[in-house]
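Visitor: Okay, handing you the structure first.
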Amino acid sequence: MHKNRFTRIGFILAAAGSAVGLGNIWKFPYIAGENGGGVFVLVYLATVLFIGMSIFIGEVLLGSYAHKDAVTTFETHSPSKKKYWKFSGFTFLTGVFILSFYAVVVGWIFNYVVVAATALPANVQEAESVFMSLLQKDVWTQIFYYTLAFIVIAYTISRGVKKGIEKLNNILMPTLIIILAVLLIYSVQLDGFTQALSFMFSPNIDKFKSGSIIVAVGHAFFTLSIGMVTILTYAASLDKGVNIVKASLTIVIMDTLIAIVAGLIIFSILFSAGQEPGKGAGLVFITLPAVFYEMGSIGTVLAIAFFVALAFAAVTSAVSVLEPTVMYLVERRGMKRKKATYSVSVIFYIIGIFTLLSNTTAFSSLLTFGGKNLFDWFDFISAAILMPIGGIIVAVFVGYIMDQKVAREALVPYIGENLYKVWLFIMRVVAPIAVLLVMLNEMGVISF
Ligand code: PHE
């Protein structure tokens with residue numbers, strides 16, 4: 001076995017660690033809440049299972065076949081006259097947008113582990129003022145935790161695939177799963193559980209706004225970490241001989257289950273306390289802490305468990321956002337891993353400071369344009385635009401550009417000829433067309 005590569009289980013945990021993150025536990029419940037639950041969840045699930053999973057398999061296929069950084073991977077697979085396809089590898093630059101708001105949220109979470117352990121806010125008003133003052137006024141507290149988050153992320157990446165990424169995920173992912181399982185068992189017994197179930201799964205067409213579809217589709221890409229060569233890069237460190245379809249399926253199912261479980265936990269707790277899920281991005285930082293407080297000492301334990309789980313999920317994802325850029329610098333530019341990590345981290349860190357400041361009262365007007373501040377723009381640009389475009393690129397590349405023998409030989413032994421054809425059809429036709437139509441529709445270019 002190659003010395004700096006994942007074991008099979010190491011890869012599954014690391015890729016699942018990348019997929020399962022803020023998207024599942026922080027974002028999914030609040031965007032589902034904002035978009036009325038039901039129909040939104042169904043569009044998201046359909047996109048994940050058909051389009052998302054196919055592209056996920058495509059990225060794992062490319063990565064595990066080439067064993068190289070993303071740019072080199074696209075380059076080696078391009079036909080000789082179409083070497084410009086190598087530029088697809090640079091979709092790792094989407095990571096700049098993601099990490100610069102993602103790491104800010106990781107900072108809030110680190111802060112909330114402390115809040116949970118020391119002083120939960122006593123009611124929703126107080127919770128709102130705690131969160132809003134962190135966000136808008138306590139700039140230094142925010143910068144402190146944000147810096148801490150970046151140090152953890154950069155340190156892990158600087159240690160490399162085996163000693164950094166694999167080790168981190170081997171510890172954090174199983175712990176995360178155990179915590180969520182315990183929280184789920186607790187939630188099932190709450191009065192609000194059935195209401196949570198029906199909120200998430202009964203289609204409520206009225207609440208499904210225009211704009212909801214692109215949020216749902218964008219979220220499907222975001223939650224699986226596809227469309228910015230993260231999964232491709234992790235798969236490049238995977239040894240040969242692994243059933244990539246089974247591994248991909250396991251990861252996608254894990255990611256989906258964890259989003260649903262997180263939603264059920266959060267909505268059960270909210271509904272049991274008579275609260276509504278409409279608080280937007282503040283849902284888990286405002287409503288939830290106040291509800292935990294009302295529960296007394298068990299609430300404190302649950303709150304700590306919840307924020308620790310959220311921190312674990314977020315750190316394992318944040319790390320994976322950085323890896324593609326670092327791997328590129330190491331393999332193509334001959335940099336030492338440590339130097340590559342620290343250079344990239346410093347740049348990402350500084351951009352993230354602007355994102356962080358865009359939420360503060362002092363700087364928000366400077367950093368707000370077109371009705372969104374920088375934080376919301378980066379979230380929107382990466383999830384709803386860049387990652388779907390990156391996904392289309394992978395689908396078209398794997399479906400049309402690269403030698404078809406590669407995919408056929410890698411997949412047919414595992415899934416057979418018929419399923420392979422279904423997969424290819426999704427890559428060639430369904431994924432590019434569906435995602436493109438949704439994007440054009442939402443941008444107002446076409447309307448259906
Ligand atoms: N999938 C992660 C989440 O759901 C976010 C992410 C996006 C991670 C892109 C890596 C790359 O939180």
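Even glycines carry a Cβ here, placed using N, Cα and C.
Annotated transmembrane segment per TrEMBL: 37-66, 87-110, 139-158, 170-190, 210-235, 247-271, 291-319, 340-357, 377-401, 422-440, in sequence order.
I'm curious about the neighbourhood of these features; can you describe it?
Guide: Remote same-chain partners of the transmembrane segment (87-110), defined as residues 6 or more beyond its termini with a Cβ less than 8 Å from a stretch Cβ, comprise 21-22, 26, 69-75, 134-135, 142-150, 153, 227-230, 233, 285, 307, 310-311, 314-315, 317-318, 321-322, 324-325, 328, 347-349, 351-352, 354-356, 359, 375, 378-379, 381-382, 386-387, 389-390, 393-394, 397.
Within its own chain, the transmembrane segment (170-190) has Cβ neighbours under 8 Å at 10, 13, 16-17, 20, 196, 258, 261-262, 264-265, 268-269, 271-272, 302, 305-306, 308-309, 312-313, 315-316, counting only residues six or more beyond its boundaries.
Beyond the transmembrane segment (247-271), the same-chain residues lying 6 or more positions past its ends with a Cβ under 8 Å from any Cβ of the stretch are 8, 11-12, 15-16, 19-20, 23-25, 28-29, 32-33, 41, 45, 48-49, 52-53, 56-57, 60, 177, 180, 183-184, 186-188, 190-193, 195-197, 199-200, 223-224, 277, 283-284, 287-288, 291-292, 306, 313.
Long-range contacts of the transmembrane segment (291-319) within the same chain: residues 14, 17-26, 99, 102-103, 105-106, 109-110, 112-113, 115-117, 120-123, 127, 149, 152-153, 156-157, 164-165, 168-169, 172-173, 175-176, 179-180, 182-183, 186, 225, 258, 265, 269-270, 272-273, 275, 284, each at least 6 residues beyond the stretch ends and with a Cβ under 8 Å from a Cβ of the stretch.
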Visitor: For the transmembrane segment (210-235), give me same-chain residues lying six or more residues beyond its boundaries with a C-beta closer than 8 angstroms to one of its C-beta atoms, as numbers and ranges.
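Guide: Distant Cβ neighbours of the transmembrane segment (210-235) are 6, 11, 14-15, 18-19, 21, 23-24, 27-28, 31, 35-36, 39-40, 43-44, 47-48, 51-53, 55-56, 59-64, 69-70, 73, 89, 91-92, 94-95, 98, 165, 244, 252, 255, 259, 317, 320-321, 323-324, 327, 382-391, 393-394, 435, 438-439, 441-442.
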Visitor: Please work out which recorded stretch in 37-66, 139-158, 377-401 has the most C-beta pairs separated by under 8 angstroms from the transmembrane segment (340-357)?
Guide: 139-158
